[in-house]
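Trainee: I'd like to ask you about the structure that follows.
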Amino acid sequence: MTNPLYKKHVISISDLTRPDMELVVATAQRLKAEPDTRLLKDKLIASCFFEASTRTRLSFETAVQRLGGNIIGFADGGNTSAKKGETLADSIKIIGSYSDAVVMRHPKEGAARLASEFSRVPVINGGDGSNQHPTQTLLDLFSIHETQGKLDGLNVAFVGDLKYGRTVHSLAQALSLFNCRFFFISPDALAMPDYICEELEEKGIRFSVHETMEEVMPELDILYMTRVQKERFDETEYKHMAAKFVLELATLEGAKPTMKILHPLPRVDEIDVAVDKTPYAYYFQQAENGVYARQALLALVLNETV
């Protein structure tokens, strides 16, 4: 079978089709069960993080090394020639000449797409501002499939910051290809953007808006939590909003035994630590799955057959 991701840039989740996503999930599942240390043998990946990152950068570097590849790069754009005024286009041209693929995070929206236009090797977006974070979506899809055994027809709630959270935008767009039903739970000021809702309506995807988690809890297969960003509100308003969207043990009353809680992390106060010990909590395993999803994507982008 032809590998459709071979030598492909992955900048946005919309760059991938449903079969592409299913291929990444299946490959991640296989690599988690049967590690293969040869898939990136003799491959050199450039890890270019112009913006600080913990989980994304370390999981990519772990993924490369566990597949037998080598990695070069930087974790702080302030220590590169960008500080001297070098353009991103020039930087990527040079970095691409040293490597087989570039993994990049950048604070500016659209930076990854720009980089792909000047790179002779595949560029994988590790996050560009509040725009896109496709590999987070892929690890979310893998985690959902791992816990539910499928992606089709699930009931998924998104809670918290639905306006600025790039993870919820991308995941909603991806899951819309699998005919899932969505429940949006957020402060009015942080509601899901109109363009996402309009896109879902055009596709015939069912979604509804709610004020509390409790009113939909019994229906859910996946509860996707996000943090309300403190910096976007004054102290009084933040405390009011944040307190309204905290997941506690009592909130979980009536949940399906198979329901799982996901969170892109970092967690602040929106999930009580007591929830960590319940069988519903899956956010730490979700973060671990980032290694396998990124292994799968790198292997597919850099190998004609996997």
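The backbone N, Cα and C atoms fix where each Cβ goes, glycine too.
What you are looking at is a predicted structure, and each value in this text was computed from that prediction instead of being measured.
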Trainee: If Swiss-Prot says Arg55, Thr56, His133, Gln136, Leu265, Pro266 bind carbamoyl phosphate, which of Arg18, Arg105, Arg181 does it name for the same site?
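Mentor: My reading of Swiss-Prot gives Arg105 as the candidate in that site.
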Trainee: Provide the three-state secondary structure of Arg105 (carbamoyl phosphate binding site) computed with DSSP.
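Mentor: DSSP call for Arg105 (carbamoyl phosphate binding site): strand.
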Trainee: Could you tell me which of these binding-site residues, Arg55, Arg105, Arg166, has the fewest other Cβ atoms within 10 Å of its Cβ?
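Mentor: With the binding-site residues Arg55, Arg105, Arg166, fewest surrounding Cβ atoms within 10 Å: Arg55.
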Trainee: With every protein chain in view, what's the tally of Cβ atoms within 10 Å of the Cβ of Thr56 (carbamoyl phosphate binding site), excluding that atom itself?
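Mentor: Around Thr56 (carbamoyl phosphate binding site), other Cβ atoms within 10 Å: 21.
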Trainee: Which are the residues of the chain, Arg55, Thr56, Arg105, His133, Gln136, Leu265, Pro266 excluded, whose CB is within 8 A of where the CB atoms of the carbamoyl phosphate site average out, their centroid?
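Mentor: Here the nearby residues are Ser53, Thr54, Gly126, Gly127, Pro264, Gly290.
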